[in-house]
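Down below is the structure, laid out as structure tokens.
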Amino acid sequence: MFVSYRWLQEYVDIKDVTAQELADKITKSGIEVEGVEVLNKGVKGVVVGHVLECEKHPEADKLSKCLIDIGEEEPVQIICGAANIAKGLKVPVAKVGAVLPGNFKIKKAKLRGEASHGMVCALQELGIDGKLVSKEYADGIFIFPSDAEVGADALEILNLHDEVLELGLTPNRADCLNMLGVAYEVAAIYGREVKLPAIDLQETAEKTSDYISVSVEAKEENPLYIAKMVKNVKIGPSPMWMQTRLMAAGIRPISNVVDITNYILMEYGQPLHAFDYDKLGSKEIVVRLAKEGEKIETLDDQERTLQSHHLVITNGTKALAVAGVMGGADSEVTNETVNVLIESAYFAGQTVRRTSKDLGLRSESSARFEKGIDPTRTFEAIQHAAALMAKYAGGEALEGVVEADNLQVQERTVSVTAEKVNRVLGTNISASEMGTMFTNLKFPFTEVEGTFHVNVPARRPDITISEDLVEEVGRLYGYDHIPVTLPSGTMTRGKLTAAQTKRRKVRRFLEGAGLYEAITYSLTSADKAKQYMVEPNEKAPVALALPMSEERSQLRLSLVPQLLEAVSYNVARKNDSVALYEVGSIFLPTEEGELPKEEQHLAGVMTGLALHHAWQGEKKVVDFFVVKGVLEGLFDVLGVSNQITYAPAKREGMHPGRTADIVLDGEVIGFIGQLHPEAEKQLDVKNTFVFELSLVKVFGTDAEETYYSAIPRFPSMTRDMAVVVTKETKAGEMKQVIAEAGGELLKDVTLFDLYEGEKMEEGKKSLAFSMNYFDPERTLTDEEVTEAHNRVLTAVEEKFGAELRK
């Protein structure tokens, strides 16, 4: 929001405050002033000149030789290249010695043999942004009104002795998107009164209702619509003071009627629209929702295709404007316009925002409707606009307005105690001081024993709860005046939760095992969202309503797909050995309309070499058992290794013979295995193994306590055993049977060999176990170990039909 310092002085007396001081004060009150721009940019020596004579330069067709009265004893000769220079005009002249933007000094010169004592200026040459210059003067010099005084300071007439404050408004302070809103803010800061604009409206005997009727079909989207007629206007330039104020506000002047609607927009914050009444095609205005596919050509000469939730202003059949966004070209005010219908309305911000976004079309009006306007100013704004059109466009304002009013503005009363204000702010402000602040804010209130009951004006929709009033007091008191204090309260010793401690253990172990932590997107594409799920889920993944792209449109149900993307990316760049893990959330869909269930998972991917250079010079390739070994070590650290088993499994996207479910106390909590060859081919990777498991379920299991014992004084005895079993026999189950059969003396069982070679009978395999027998109190005899070992042999023969391999 650009605020003209001189324009602001019309509403609040701040002549004793400089623009920079005002900017500092506003910033300290909670509204950031991003900058203060001096409009004249160091320009001096520019006056109003009267062109007495103008003829073609004898040596150059595109130059004119002019004799110009600049208010001095003698007129001066100036050579000018502007096409619109002519005798009798009053123009801005930079005299010899004048300074223009960029410290450009005007000197006497000769152009094609003719002396030139100065320079006739375009607005751009005086430092005005070319985008703000009206089309009439965009390619030529500026022309003053005929009543401009010769020799007068041109910058004063152009209002360039002004400074503009740029406010960086947050969305909740839409009340300051207009000059009156800023005036209320400044008046509250300095404790001064707001001078509201005077409206001098003279109406004719004819009535607006004789020319137009208004009906609203979409009452929820448009609770208030007001129309007023102004006849017999004469389209021309708006007065100089209005043009300069609009340019200071960042708006390009167009014509008197259009400029007046923009001026009211900047003054009241109430968007208006002016229709050429004679182009409406009927004597009625109907506000309705658009028909699907309905088309309209807007003022920017673009044809727009509307949707059924867009709000339009129509003549009963044809769309004339996109409500709250932009008018239509068919009813545009042009130089031929004679009769004007003014629109002032209150459109629902959500409707305007959605329409604006759908059409990719934003305007000053839509920005204000989106954030919310003051509905109590709608009538006042249209009356003021009609008065200005009567005065500056020669129009005749017809009596009254036509309106469709379904708006109910409810009073808002918010209460707060003085005790709460001081407690929250850490101040000691008296109740009387707070009352003065509410008075300065123009908030009517009553006070009962230190409790303020504040009636919030409609212009401040951001004030809804007591904390908002606390903020208002804090802003006006000055955040810089709030005393600095140390935190109070009992200091407590912080500690990690059990889950945090376990997550740190997981990270520390996996990084020690050579895996790197990755953090991937929680959003994925529809085709990847349901890949590699730990548990099947028939419900559709949770989709975003407005995704930025299809690649990031749904919440993930597994961590593996995103990790595989990272591995594929690395392998494509010649980083063939990759080991990654991620601790992150998946999002399980629940009942429709409910939030998804968020569950923390651990996933990992390993490919390439597990060991690059052993001391013997060997290299070890990642395989199923390498990855399984990593998980076994992790489960051991977490104290759940004895509760974990593995079961062969078939999962979509996984190798059918090299995949297993991870089972905790009989419940599947994850999986481990190699990618299916087709999946590896799609990702352009080889020998890639993955795992994923639910940390919630692992952490929810009681961990075994860790015990420490002295280094044994007595030796242990080791026996190896190789048995032939069917290929379907699970080594894990056999290991468990061996441990139970060996009794107390058997301390450790390790599978050290699996053989399925040519020497084995079809359908058979060999499993070799190493068993360690030990008693901490004595040395075992060979007979004791043999007895325990024989029990083991008997158990595996009976349970699995195993045959001792010789």
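Cβ coordinates are placed from backbone N, Cα and C, and glycine is handled just like the others.
Annotation comment: Swiss-Prot describes 40-155 as domain 'tRNA-binding', evidence class sequence analysis. Confidence across the domain 'tRNA-binding' (40-155), taken as the mean pLDDT and rounded to a whole number, stands at 90.
Sequence annotations record features per position, and here Swiss-Prot assigns domain 'B5' to 409-484 based on sequence analysis.
Listed in sequence order, the residues of the same chain lying 6 or more apart from ASP462 (Mg(2+) binding site) and placing their CB within less than 8 Å of its CB are ASN172, ARG173, ALA174, ASP175, ASP468. Swiss-Prot lists ASP462, ASP468, GLU471, GLU472 with the feature Mg(2+) binding site.
According to Swiss-Prot, the feature domain 'FDX-ACB' maps to 712-805, an assignment based on sequence analysis.
For the domain 'tRNA-binding' (40-155), residue counts in helix, strand and coil come to 12 helix, 51 strand, 53 coil, using DSSP. All chains included, 26 other C-beta atoms sit within 10 angstroms of the C-beta of GLU472 (Mg(2+) binding site). The Mg(2+) site is defined by ASP462, ASP468, GLU471, GLU472, and by the 8 Å test on Cβ atoms against their centroid, the other residues of the chain that qualify are ARG460, ILE463, GLU467, LEU469, VAL470, ARG475. If you take the C-beta of GLU471 (Mg(2+) binding site) and look for same-chain residues 6 or more apart in sequence within under 8 angstroms, you find GLY30. When DSSP labels each residue, the domain 'B5' (409-484) comes out as 33 helix, 16 strand, 27 coil, counted as helix, strand and coil in that order.
DSSP assignment over the domain 'FDX-ACB' (712-805) gives 34 helix, 32 strand, 28 coil.
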